[in-house]
Amino acid sequence: MSDKQDLLEPHTDGMLPEKDSDSRIAETPDVISEQPSSEKKAPVIIEINASAQDTVHPELTDNLIEILSQAKEQRGETNESNQVFGELAHADQNLPQEIYLLPIKERPFFPGQQLPVILAREIWEDTFKAIKDGKCQYIGLVYVDNEEHHKTPTEDFSQIGTLIRVRNPKVREDYIQMVAEGICRLQIDFWVSKEAPYRALVRYPEDIITCSDDVLKAHGMAIMNAFRDLLPLNPLYSEELKYFLNRYSFTEPSRLADFAASLTTAENEKLQLVLDTLDLERRLEMVLALLKHEVEVTRIQLNIRERVEESLSDHQRDFFLRQQLKEIQRELGILKDDQTLDRDRFEERIEKLALSDEALNKAEEELSKLSILDPQSPEYNVARNWLDWLTQLPWGQYSEDNLDLKRARKVLDKKHDGLDDVKQRILEFLAVGALKGEVSGSIICLVGPPGVGKTSIGKSIAEALNRKFYRFSVGGMRDEAEIKGHRRTYIGAMPGKFMQALKDCETANPVIMLDEVDKIGSSYHGDPASALLEVLDPEQNSEFMDHFMDLRFDLSKTLFVCTANTLDSIPGPLLDRMEVIRLSGYITEEKIDIAKHHLWPSLLAESGISKEQVQITVPAIRHVIEGYARESGVRNLKKQLGKLVRKLALKLVTGEIETAKIHVNELQEMLGQPRFHPEKLNQQTGTVTGLAWTSMGGATLTIEASRVHTHNRGFKLSGQLGEVMQESAGIAYSFISSNLDKYKADPEFFDKAFVHLHVPDGATPKDGPSAGITMATALLSLARNEPAKGPLAMTGELSLTGQVLPVGGIREKVIAARRLGIKELILPEDNRKDFQELPDYLQDGMTVHFAKQFDEVARLTFNIRTKSPALKVYLANREEDVGTQH
């Protein structure tokens, strides 16, 4: 118990300063029973000016008379007896003048009350020790309005409290237990101790009687009549009244007033006001007002309870009548029960389906089980759910493929410019189907940067084939059950995504797209990538088995289209089952065509604007691409064009313009400052431009080399380089260091040079071997103190013997060079075929040199003629010049 906790809390934490007959202590004082709560709202004191006779009823109810009689018999009193029951002290007895005071916050404690009290031992142990030692049988309970009672300033104590006799004190490990018996009122005269334990000099004020006995008796009878009104409303009041009459006579007005006040649920401040009032007539009037308000509140609560019970009774009556009606209809054969209806419905569905023998046998088993199970049992719902799924799958239902190649080409070209590789593959797929007379399944993986149309091409493929389309993303998927379903033993089990796709498409040969397959995860729930192996294997997916259905289903006619940004994170066995088609980023000319033919018209249509109202010039589109949406795809381009359309729509609606044509000089006002600025080549000594490829497309990469000092030899790398790229830098450093004489540089340059090699854009991680010749060229430029030839960019892996090895991403790298305005490139000789496969619009205007040895790179960048025999033989045997003009 916290040291801040009050000594008088509810029974679980402290004192229970509330009324209840069950709360009194019987002959077994160690047992403290809890009080039942009446759950009544605190009433408000109502001032009354009527005479006491106005509130007196001529007769008491039989119930009240019976209670009075029983109480008198238990006390052994006559009607004339007004003796106080028990050993309660009065104010004129020998009571202590100096006592300990305990603050309470729950409710004021009244004379005549007897309740269990629990004290926090840590806080009040000193106070209680004096009581335990027998030095004091009495303490005072005073109401305070303060949370931290043991730190309450004496100014917060009420002036009037209650003297209590302590009975049956017990000391426990963490708390102190006793029974508090209210004796009489006390009034604080002087504080002996103003800190806990509180002590004060007190006196015991007597009641002030300013009226006749008849008036007091009339008030008492009025209070008893109020009790008469309360008794039928709440049985708890009957128990409370019995408890009072067992100890006192109802003709004692002071005791009656205090008892009645303690019975109400009035606010604490109003109860304290009753305790403060010494004028007995005034006190009786205040208590009578509280009781009358209590009657009204209790009556309202009873009315609310009766309305709720009546509403519930109506619902129950409705339910029973409907159940009886169903039973009568069932006996007459008019109505079938739900169990029979379920069985008939599933049998009708099964007859219409071309189920396999395995599925048919399993369905009959489940139907038999459905007939004997209780409809309320969990097994019944499991069987019913399984049959529902079984009969909604497209067993033997296939959509008719459209094998018209011209129509397919038209559909594919309608929404996508470029993407010739994908379109060609779909046409080949249709051509094979036209020759065979049927179209089999296939697994295609579209790989490319974001925004190039991988997802949208899937919809076009389905439209071209006249098939249903279903897409779901496997990015971030970590549970194998999402692919193959949960077993029926689990609560809430469901089939996997592929069964859901077939159910939604209602055909067994849809186009299913698995988006973001390179971002699939794994966890302790299983490996979804491994679960896909069965689905995407043409040799196995004809007998795909979902865990929930536990039946083989043929997926061999389904066309699967996967999308990914990169192949690096796709597991090898899964990648081996796919036919990979790469979608490269768009060049500016392609983006302009896409914006003109697709993006701009669709944005105008979505905004309700006609083509005649708003137009945009080609130079403006180009400026948006180069200044605001420099990316491989067209997703950001669509966002920027949409921003333009919305701004123009606002001007059209407000009447600022009637028509508009967007030019370059208006873009900054509408879109803000450009995010991208023209890149400038850095042709200083030690600086060379390389080409890189990322999952976002191609990019240019500047390599910078600098000599820091000449005190000692050293080599430092920076720019968030990965392990492979660091190894490439080390190879370049070693190769150039050992061949300085060959490349006409100071042979001792690196002996006393601390060299720093940096790749800018340090916040972006970089890795890969393709910057090998670029880093070697930067180091050679530093050693020769001569800038490399430019504008020129290069890519290629460098070996320790100076060989230039092939790299990937040639298309993306060429696009990146064109975007920067670089027209001359150095590529590995083994990548010649990759460059020659590029479309003519990418090759036009480019001068590309293909190098097999770094000697050729040095000759092209520094015009160095080496005497390498290998180079002479290579140049003599080449059929065409190293520099090829396109």
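Placed from the backbone N, Cα and C atoms, the Cβ positions cover glycine too.
Automatic prediction, not curation, is the source of TrEMBL annotations.
Positions annotated as region 'Disordered' by TrEMBL: 1-39.
TrEMBL lists 1-27 with the feature compositional bias 'Basic and acidic residues'.
The domain 'Lon N-terminal' annotation in TrEMBL covers 99-295. Mean pLDDT for the domain 'Lon N-terminal' (99-295) in this predicted model: 83.
Look at TrEMBL and you will find G448, P449, P450, G451, V452, G453, K454, T455 tagged as ATP binding site. If you draw a 10 Å sphere around the CB of P449 (ATP binding site), it holds 23 other CB atoms from the protein chains shown.
The domain 'Lon proteolytic' annotation in TrEMBL covers 682-864.
Residues annotated as active site in TrEMBL: S770 (among others). In three-state terms derived from DSSP, S770 (active site) belongs to neither a helical nor a strand segment and is classed as coil.
Residues annotated as active site in TrEMBL: K813 (among others). All chains included, 30 other C-beta atoms sit within 10 angstroms of the C-beta of K813 (active site).
Using Cα positions, the member of the recorded positions G448, P450, G451, G453, K813 nearest to S770 (active site) is identified as K813. V452 (ATP binding site) sits 16 Å from K813 (active site), taking the Cα positions as reference. Excluding the listed site residues G448, P449, P450, G451, V452, G453, K454, T455, the same chain places L446, T563, N565, L583, S632, G633, R635 with Cβ atoms within 8 Å of the centre of the ATP site Cβ atoms. Taking the binding-site residues G448, P450, G451, G453 in turn, the residue surrounded by the fewest other Cβ atoms inside 10 Å of its Cβ turns out to be P450. In the structure shown, the C-beta of S770 has more C-beta neighbours within 10 angstroms than that of any other entry among the recorded positions T455, S770.
The binding-site residues recorded for this entry are G448, G451, G453, T455, and the Cα of G448 lies nearest to that of K813 (active site). Around V452 (ATP binding site), taking its Cβ as the centre, 28 other Cβ atoms fall within 10 Å, counting all chains.
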